[in-house]
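Student: As annotated in Swiss-Prot:
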BINDING   260-267, 324-333  ATP binding site
DOMAIN    232-464  domain 'Sigma-54 factor interaction'
Amino acid sequence: MGSKYAAGHYSCSSYFQSLDIPENRQFVQGMKKRYGQDTVISSVMANTYSGIQMILEAIVHLRSTDRKKILNYLYNKTFPSPSGNITIESNHHLSREVRIGQANLDGQFDIVWSSEQPIPAKPLMTNTIIDSANEEQIWKYVVESMGEETADGVLVLDQDQTILYANSAAYSFLRVKQGDILKEEQLREISHQLIKKETSKYGVQLFIFKRAKRGPLLVTKPDKEPYRFGRVVTYNPSFEKELRTASIASQSDANVLILGETGSGKEVLARTIHEQSPRRNGPFVALNAGAIPRELIASELFGYVEGAFTGARKGGRPGKFEVADGGTLFLDEIGDMPLELQVNLLRVLEERKVIRIGDHKERPINVRVIAATNRNLKEEIAYRGSFRSDLYYRLNVFTIHIPPLRDRKEDIETLSLQFLKNFHQHYCGKGTCHLSNSALQLLQSYNWPGNIRELRNVIERAFLLAIDEPEILPIHLPEEIQNANCAIPPSSVNNLKDVEKKMIEQALKESKSLTEAAKKLGITRSTLYRKIKQWKIHKTTFS
């Protein structure tokens, strides 16, 4: 269409060649100088230029072409461009000014309206995505468009109710993940909050839902009161069961073995058992077997007499067993104790007597032992032979499992607020004790490999960064937590590919020709043929 016929028509875009701002004047001047004065500059050319400029800046700054590093660098950054400032939001989309232009006889556009402020992208749902059965379309819609950029819950199910995809909001609400089978009661629960439901002719279902009158979907604490065992509080049913066992164990002198990942709070639970026991007025002595050199563990545990070895203290020294007399000895990382010392430890537990290194005198002790490890001691016994079975069964009167923090999502809010309160007091009343819903949602979506110890460190960092703010916001959290939801599980991709293959096979069975099958699937005949070769679908499948 020539300028004569285009004149008077309107167009909406972020960029027009006639845009009168310094960045565009410089850009247009450079383009005409390089490609000629008659060059017409389109928005595609301007966008390409801006994109290359942003990526180049990232590469120069990072001195790396790693895709993930570049994406992380670009998040939440604002760049000047021929169309004005462009901001790359954390959801991968751009926000920038939008304008409406009216074409004139010169082939240019007169700007008749401008938003005058950045407009964020908001991808819209179409009605053809799911029915197309095309992997790229499904993946683009579910993961890139709606998955993690919305506070609404997004679920994709196959015809057997197996979850092919669940975003963090769906996980927070229903505690489900990819590969789980959605239960009927869970389906009823979301049916009252449905925003959109799509079902393809081959049974793939999409649900978009939200909870009424709430902001971001969070792991909400149950209505009942939390279970309290001393200083330990939980809303988690599994952990509550373990704490009830710990409460019973605290009223006896029986040995306790605490199992849990690093940073899950094993020593805190051991101290709580001691504080709730009849031995509460006695000493609580802790020893980490994994943090002491092998040659020193024996002297730390059992003590030594003067002259027992080179460098021995004059007058000797009592070991941890003697120091803990009348109280509790906590042996952390018991799985790291050298095999040769496990015999001596077993003897002390059985006889309730200790012999210092270099001595022959038996000293009676009255000690309750609580051991802890992050290892699977049964495997250490059965497959590696690095832990004695008789010692294991001596320690294992009561076994208490501490669930990892990733399985205690409902406790994250309580723990975070308690840490904030502690830091508020530690820093003499400075800082905030409040956590925004958006920040809490990110905390609940993160996997927490370092468990409670990592959470405490993250909260302390956020507290200090937000020292003058009214509440903790997502910007105060580390990048790995802010970007945690951007990670795409490989298994989800594989499941979607399996669904695509099954859909193609089903369509071929129900069709009389490739053309008919392609039409049912919403793809071209050539694309279908390529997919048949890609998935190695046998021709016998086609009727």
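For all residues, glycine too, the Cβ spot is worked out from N, Cα and C.
Keep in mind the model is a prediction, meaning the values are calculated, not measured.
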Student: Let's check the environment of Thr328 (ATP binding site): how many other CB atoms sit within 10 Å of its CB?
Tutor: 25
Student: Counting only residues 6+ away in sequence within the same chain, which have a CB under 8 Å from the CB of Asp325 (ATP binding site)?
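Tutor: In sequence order, the residues whose Cβ lies under 8 Å from that of Asp325 (ATP binding site) (at least 6 apart) are Gly282, Pro283, Ile365, Asn366, Val367.
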Student: According to DSSP, which of helix, strand or coil covers Leu331 (ATP binding site)?
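Tutor: Reduced to three states, the DSSP call for Leu331 (ATP binding site) is strand.
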Student: Per-residue pLDDT averaged over the domain 'Sigma-54 factor interaction' (232-464) comes to what?
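Tutor: A mean pLDDT of 91 is what the model gives the domain 'Sigma-54 factor interaction' (232-464).
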Student: Return the residues near Gly263 (ATP binding site) by Cβ distance under 8 Å, restricted to its own chain and a separation of at least 6 in sequence.
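Tutor: Spatial neighbours, sequence-distant, of Gly263 (ATP binding site): Gly450, Asn451, Ile452, Arg453, Glu454.
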Student: Restricting to the same chain and to sequence separations of six or more, state which residues have a Cβ under 8 Å from that of Gly260 (ATP binding site).
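Tutor: In sequence order, Lys266, Ala372, Asn374, His401, Ile402, Pro403, Pro404, Asn451 meet the Cβ cut-off.
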Student: Among all protein chains shown, how many Cβ atoms are found within 10 Å of the Cβ of Leu331 (ATP binding site), not counting that one?
Tutor: 23
